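One structure is given below, encoded as structure tokens.
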Amino acid sequence: MTGAETVGTKIPQPLIWAVVSICVAPLLLNWVGVDFASHTSAYTSDNATDTMFYKLSGAFTHTILEWSAFMAAILTVLLAFTHYRISGDVTTPVIAVALFMSGCMDAFHTLAADRLIEAVADNRNLIPFTWAISRLFSALIMIVGVGMFLVRIGKDRRMRRTKISHRDRRDHSGYRFVVWVSLVFGFAAYMIISICATSERLPQTMYPDSLITRPWDIAPLLLFLFAGLVVFPRFYRRAPSLFSHALLVAVIPEVATQLYMAFGSAALFDNAFNIAHFLKVVSYLVPFGGLCLDYVQTHLVKEAVVAEVQEANKELEHEIAERKEAEKALRESEMKFRSVAQSANDAIVSADQDGKIVSWNKGAQIIFGYEEEEVLGKSLEELMPEKYRKAHTQGLDRFLRTGEKKIIGKTIEIVGRRKGGHEFPIEISISSWEVKKEVFVAGIIRDITKRKITEERLQNSEAQQRMILEAAVNGIITIDTSGIVQLFNPAAEDLFGYRSDEVVGRNINMLMPEPYHTEHDGYLRHYLETGERKIIGSGREVVGRRKDGSTFPMDLAVSEMQVGGAVGFVGLITDITERKQVERELIAAMESAETAKREADQANTAKSEFLASMSHEIRTPMNAILGMAELLSETELNAEQKRYIGTFSSAGETLLAIINDILDLSKIESGQLKLEQTCFNLGMLLDQLGEIMAVRAHEKNLELAFRLPDTLPDGLIGDPTRLRQIIVNLVGNAIKFTEQGEVVVEVALERRSTDRIDLTFSVRDTGIGIEPGQLDKIFQSFTQADSSTTRKYGGTGLGLTISQLFVEMMGGRIWVESDIGAGSVFFFTIECGIAAGGGCAGSQPARSIDMNGLQALVVDDNKTNREILRKTLERWGAVVTEANSAAKGLDILRGAVSAGTPVDLVLLDYQMPNMNGLQMAEEIQRDPSIRGAPLILASSGMNGVGAEMMREAGVSACLTKPVKRGELQEAIGKIMGQEESGARREPGSLAPGPVSVSPMKPLRVLLVEDNVDNRNLILAYLKKTPHQVETAGNGKIAVEMFKTNIYDIVLMDMEMPVMDGYTATREIRHLERKTSQTKTPILALTAHALKEHEQKSLNAGCDGHLTKPIKKKALLKALEEHTAS
């Protein structure tokens, strides 16, 4: 039970009996002689005042009793409003207001009797009449108040009692109702009081001699009885409380009051009069007491209810929180389920008891191909092949009819049908549930096509494995962790001589001879306990034991495996008896091969030493022969003598080329040749090659041209020496096999990155061409197109072979395209690095020249030369016009003058048909209209043409073909006056300038050479120079001479008796460091042509290296370069 349920709603019976006793007690006391009248006897006194107060004692008693009742009414209404604030019960203040208005009527009755209110009628009629009216009003107003409450309850069926909640009280609707009732009751009371106070004649209310002494009090009596028997009991039933019960109890003194007054009071202030007034006070106190008890109990109930409500609120809040958490969890679960259902790869499909689809997730859409709207409401049979539909319908009917769950809750494999009719295997788990007696089924469906394929493959694989095990040449044995054999394949049976059933189930050590037989189990335990591997996961050679006891070598590879969680081991066994025999034979063969290799290495070493020695021995006398031939050619000779000297010079050069090719090929084949990685400028390298090869080209009246891309970096990283050798070989061959026309070397940039570049070189000639059948053989050693080529042009055929090997070492390839009679094109590619910063360290960037807007004319009958010159000049800013003959060039010059745009610069080729370049220059000088433009003449050779003739013809500069870009730039710069500052002059001010030659500085030279011929050759080279030369026959003499003399440069032969050049150089360098002398340049002179010999001389301390035979020009250039500072 709650706290509210333990509180009573009735006045305790002892109190009720006390009220009854109080009502009956006056009657009993009257019977025993007690009289409650205010005047029991006549009062006699001479004092008028005493008499007056005695007479007024009845009025005083009446006033006290009436005011007591009024005060009780006031207390009741005050307590009722307090109670209302606590309980929120509007009934209590309404009834209390009725009591209060009744008390007000009593107060009026008292005030009127005491003449405190002016009334017209006298007291003998006023007091009993206002009493009767007051009692009648009191009964009526109580009935009306309770009646209003009962009517209010009838209108509000939602509550048993007209209570308003704290929220209702906050909007003051209850207060408004009480105020409204108070105004109505007050107005009624006022009207009655006003009538009574102003009436002159009031009806008689007392009849002393009658049985009913006060008949007017019968009406209130009846009303109080009606209230006590009908109204108040109903009120109590509708709103049970101590207050409503007190109202019912208060009817007892009310009725007693009226009985005493109606049947006993015959005069004012008599016994019955005072008893009635006293009981009226009791009738006011009973509701007040009941209200007090109700107030107290309501407070207790409120505390109990509040406590219970608080506890209930806590429980409710906890329950609500739990419910919210549960709802949240449920929502999350539902969302997760929906999300899982929608995102699941499996199909989730549900259907009603008619087999109609009611839900369809994305997985089902993917698996079956149907959109959701296509299948909702359709039969599940749509998802099945025709042949399975009948069985499905029968199964569903049987389940709905009998509840037989043959497949419910199980996973089965069946066949499904996609939208396009394609059948495929599925796995389905079916469940059922019931909602409002309607059965639903759901299926989780998985497409197991891949699994079926995998299973089929696995079955095939297992079958294949069985076949492999049975057909395997190698023995395959598996054991468990105890060493017990689990599998023994047919190959193992053949190896060991046991049948499988003789081995399976027995320890593997039966197949091992001693000591493996006894040690195996220990090895196995050690591995299982420590994990330390010896042969697990690797292979090793061991010895096996056959059934007959014989042993054989075998290769054993053991691997660990796990099958169903169980650890095991598999061994792959190969009989290596034959392999061992082969190995023994192979070892013997290898030993023989090693011996042969050592012998071959010794032979190679001997060959290399022989070739080096042969090169040295041939080059040493060849140096004297070719040197003397060169000196002899500088003397005055007749034509026949010059032809003889040219023949043996050419023969000597050919012999040297053959020796060089043989040495290079030998080094490449032996792997001794290493490419260097150094920085070089490709443009400068080609310029140098052009200078070297131009002589040979010009001897045959061939045009030689070089074409480079504009975007070529200044600095490349590679081996310029070997690249030069490749180009020299290809250009030399092109010149050799070309009788007329041109040889053009072109470089193309293929790919470029930050630090690497791929280049393609092409060497094109207009020579004899190569037969198609010979193209594949052209790069073989000692091979030429055919034997007639060798007879006609000479050569060993090594050049292309060496070039191919160099190209491949540079990461490229070489090939040839040829057209018989039209010429050939040799292509090769190389890969080079790009120098950091774009150029080589210490190199000067190319100086640009400003020709912006200048009109230039290029006259050359060769199209390639014109194109190269035109692109070069246009790159420098000139406007270039081309002419393929001198006559056309003259026409262009005259036309330009006529147009007002005269030509500022003319570049002429010397060798042109009909009119050569010099003749055109003379013609220009003879025509004043076109004379004045600077002329630059380019020629492959101008025999018989001197400088004086060129000056007279107006030629400002003469350049040798192929024209080098730097020389052309220098010549134009001198003509334009931009050599130093780059400042541009006006075209009209262009004029040729004189060329100055620096005189040769005299040097003191120490020549160290043991060979007299070579010593005389060097002396002859330097005879016509201002140099002073001293000689030494070996290195020891040279060191002694160096100690006592000062030399500008030392020419040191490296191969000499007593002390060679290497030792002598080191001694000189040591002496310089010891005496703090300035380092003297030392040039090595050697007949060794290999790279390592050059490096050896540099390591010894030499500054340069000249290979014999030494040309005079090369010697003089080396002297100038090493003594320039």
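Residue positions begin at 1 at the first shown residue.
Any Cβ shown, glycine's included, is placed from N, Cα and C.
In TrEMBL, annotation is done automatically, which means it is predicted and not curated.
Record features, source TrEMBL:
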TRANSMEM  15-34  transmembrane segment
TRANSMEM  64-82  transmembrane segment
TRANSMEM  94-112  transmembrane segment
TRANSMEM  132-153  transmembrane segment
TRANSMEM  174-198  transmembrane segment
TRANSMEM  218-236  transmembrane segment
TRANSMEM  248-269  transmembrane segment
COILED    302-336  coiled coil
DOMAIN    333-403  domain 'PAS'
DOMAIN    410-460  domain 'PAC'
DOMAIN    461-531  domain 'PAS'
DOMAIN    538-588  domain 'PAC'
DOMAIN    613-834  domain 'Histidine kinase'
DOMAIN    855-976  domain 'Response regulatory'
DOMAIN    1004-1123  domain 'Response regulatory'
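Break the domain 'PAS' (461-531) down by DSSP state and the numbers are 41 helix, 12 strand, 18 coil.
Each residue in the domain 'PAC' (410-460) gets a DSSP state, and the totals come to 12 helix, 30 strand, 9 coil. Packing against the transmembrane segment (218-236) from elsewhere in the chain are residues 132, 135-136, 138-140, 142-143, 146-147, 149-150, 212, 244-245, 247-248, 251-252, 254-255, 258-259, 262: each is 6 or more residues past its ends and has a CB under 8 Å from a CB in it. Using a Cβ-Cβ cut-off under 8 Å and counting only residues 6 or more beyond its ends in the same chain, the transmembrane segment (248-269) has close neighbours at 11, 15-16, 19-20, 22-24, 26, 37-39, 58-59, 61-62, 123-124, 127-128, 131, 135, 138-139, 206, 208-209, 211-215, 217-218, 220-221, 224-225, 227-228, 232-233, 235-236, 275-277, 279-280, 282-284, 286-287, 290. Residue counts for the domain 'Response regulatory' (1004-1123) under DSSP (helix as H, G, I; strand as E, B; rest coil) come to 57 helix, 24 strand, 39 coil. Per-class residue totals from DSSP over the domain 'Response regulatory' (855-976), listed helix then strand then coil: 54 helix, 26 strand, 42 coil.
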